[in-house]
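Residues annotated as domain 'Homeobox' in TrEMBL: 39-83. TrEMBL lists 41-84 with the feature DNA-binding region. According to TrEMBL, the domain 'TLC' annotation covers 86-287. Among the features that TrEMBL reports, transmembrane segment is placed at 95-115, 135-154, 161-180, 219-238, 258-279. For 294-339, the entry in TrEMBL reads region 'Disordered'. Here TrEMBL flags 309-327 as compositional bias 'Polar residues'.
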Amino acid sequence: LVLIQFSLWNSFRFIAKPCAINLGIQDSGPHRAQPNAILEKVFTSITKSPDGKRLEGLSKQLDWDVRKIQRWFRHRRNQDKPTTLTKFCESMWRFTFYLSIFFYGIRFLWTAPWFWDTRQCWYNYPFQPLTSRLYYYYILELAFYWSLMFSQFTDIKRKDFLIMFVHHLATIGLITFSYMNNMVRVGTLVLCLHDASDFLLEAAKLANYAKYQRLCDAFFMLFGVVFIVTRLGIYPFWILNTTLFESWELVGPYPSWWLFNGLLITLQILHIIWSYLIVRTAYKALVRGKVSKDDRSDVESSSEEEDATPNSTKGVFSTSSNGSNRVNGHVPGGQWTEE
């Protein structure tokens, strides 16, 4: 199923690419560094970010000023980044998946008794039937998060790489563990709740790539509200309440109770961290008049922005001179990837 996810993503490019081109998104990458054998050897063999002493040595060797060498290394680090068109196609695929799986989950859970009464998650546990709809819902979610786990190592490294890595591990662990222990009823609630805000984030990125800044800001603000309400409100008072207290009351302290709830609490800690980053971004939006540069960015910012507009106000997803940005995952925190 993970391979199917990758195949669907590759096939989806044939749909997303024409949409991007119609919106005026060009398949152009960052400014490429001037060819230089000496600097290229340092970049590939020694360091991608030389310190002051090495910069001085290269300056004397090439008869270039230090600022020019620093600019070259920035261009070189940035030139391997994906183009805006590539990132638009990826976000469109994720938007389509998140939106589809969210509405599938809502439609499925609307008729499920445990959606309206969480105590139903534990009645007759663990002897609860696994329907085909429930099975496919679980397997699709598991395959998607495994694909995110693998793609994280090929994507641009972000400031929140470790946080996202922990998140994917915890999510995959929860889905697998709850399936093996037949905790699928409460598992569906967790999955649907997390999908509620993800498609809004991808919608904000799509609007940003297409340079609809107001629409991007509106989607991001809506994403922030939904994220905080679901992750800091509904999740602890609805999900954690039933897994910590109702399950203890109805089933008792079964052996897997500690591990299951430990993973759920780990997710809650990540929710708090991400919510802080979202609130900080929203605060910058109020101060500057629009959504400010997101704090969960690529490790590199574009040299053009650094050289030409170091103090300019940028949009939440601004990361490069051609307007490219990218977020891998769920939430903000620097120039964008995503999440």
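Glycine is treated like the rest: Cβ placed from N, Cα and C.
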In the domain 'Homeobox' (39-83), averaged pLDDT is 80
The DSSP breakdown of the domain 'Homeobox' (39-83) into helix, strand and coil residues is 31 helix, 0 strand, 14 coil
